[in-house]
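**Student:** Sequence annotations record features per position, and here TrEMBL assigns active site, proton donor to H265. For H81, H238, D242, the entry in TrEMBL reads Zn(2+) binding site.
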Amino acid sequence: MPIRTRQQTLRAPISCYGIGVHSGKNATLTLKPAPENHGIRFFRTDLPGTQGIPALFSRVVDTSLATVIGENGVIVSTIEHLMAAFAGMGIDNARVELDNYEMPIMDGSAIVFADKIRETGIIAQSAPCSHFIVTHPIEIADGDKFVGAYPDNSFRITCTIEFPNPIIGRQTISIDLGGDHFFSEIAPARTFGFLHEVEMMKQLGLGRGGSLETAVVVSGEEVINEGGLRFPDEFVRHKLLDCIGDFSLIGMPIRGHIKTVKSGHLFNHHFITEFFKNRSCWETVTPT
Ligand SMILES: [Zn+2]
């Protein structure tokens, strides 16, 4: 996608229904077009009268298992894959309505959302689209975890993961999201888990909606899903998808190169908080 000068929204409403991966609760999700400068906002239709929660990193209340935003005691959980779809498909303004507290996980990737957005269509609005530009490098590290942001003419992300499991091992992927690569290269990559962890989480009452329909499950040296992996390096592609979702909480398209090594929602959120405080490392630019 070329650098956008105008804000965009959906052409028409979109609906999805499915189970929440952590809660096991079914939810109906409706994505609606929204006016200029509205941003992405989440509304709980099961709590009438409550206000919409803007999808911004300042509203993040938990990142331990998934990205959770909240305001005035109202929360919406596991927003990262939908947020990646909005950022990857170039949607700036949308009203997200949900009738429970956790987003449906669908197939564990962002392809259902991205596909419906593409099918429904995207419309350009007249208000200019501001961009968040990385002007100076910034890096943070904690043990072997690392996140950095560097100036770049496009929006590029490079992710590295490392797991002792031999079918994952060390994987790196670098994608230029200024192109049209999100839909085919990243959106279909599913979240993943290890069978022993899935069993332990279920015993703790977590991951209630987790199954072979909602995640890639690794047991020993095998992927036990029928049909195997969608990409040989689906694991790192999903980490990159999560990273797009996390960085979308800056609230506008980014121009810069983000590099992460062994990071996750928590460390990405920590980085964004530090980055935002370092006013000399970024600027926002609004086309005229
Ligand atoms: Zn994810």
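Cβ coordinates are placed from backbone N, Cα and C, and glycine is handled just like the others.
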**Student:** Rounded to a whole number, how many Å is the Cα of H81 (Zn(2+) binding site) away from the Cα of H265 (active site, proton donor)?
**Tutor:** 12
**Student:** From the Cα of H265 (active site, proton donor) across to the Cα of H238 (Zn(2+) binding site), what is the distance in angstrom?
**Tutor:** 12
**Student:** Work out how many Å separate D242 (Zn(2+) binding site) and the residue listed as 'active site, proton donor' at their Cα atoms, rounded off.
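**Tutor:** Counting only the Cα atoms, the answer is 7 Å.
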**Student:** Mind giving me a neighbour count for H238 (Zn(2+) binding site)? Other Cβ atoms within 10 Å of its Cβ, every protein chain shown.
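**Tutor:** There are 27 such Cβ atoms around H238 (Zn(2+) binding site).
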**Student:** Any idea what DSSP makes of D242 (Zn(2+) binding site), helix, strand or coil?
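**Tutor:** DSSP call for D242 (Zn(2+) binding site): helix.
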**Student:** Excluding near sequence neighbours, so keeping only residues 6 or more apart in the same chain, what lies with its CB under 8 A of the residue listed as 'active site, proton donor'?
**Tutor:** T63, A66, T67, E80, D242, D246
**Student:** Provide the number of Cβ atoms within 10 Å of the Cβ of H81 (Zn(2+) binding site), excluding the reference atom itself.
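**Tutor:** Step by step: centre on the Cβ of H81 (Zn(2+) binding site), count other Cβ atoms within 10 Å, giving 30.
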**Student:** Looking only at Cβ atoms, how many others are within 10 Å of the one on D242 (Zn(2+) binding site)?
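**Tutor:** Taking all protein chains shown, D242 (Zn(2+) binding site) has 25 Cβ neighbours within 10 Å.
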**Student:** For the Zn(2+) site (H81, H238, D242), what does the 8 A shell look like? I mean other same-chain residues with CB within 8 A of the CB centroid.
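**Tutor:** Apart from the listed residues, the neighbours are E80, A84, G108, S109, A110, A189, T191, K239, L240, L241, G245.
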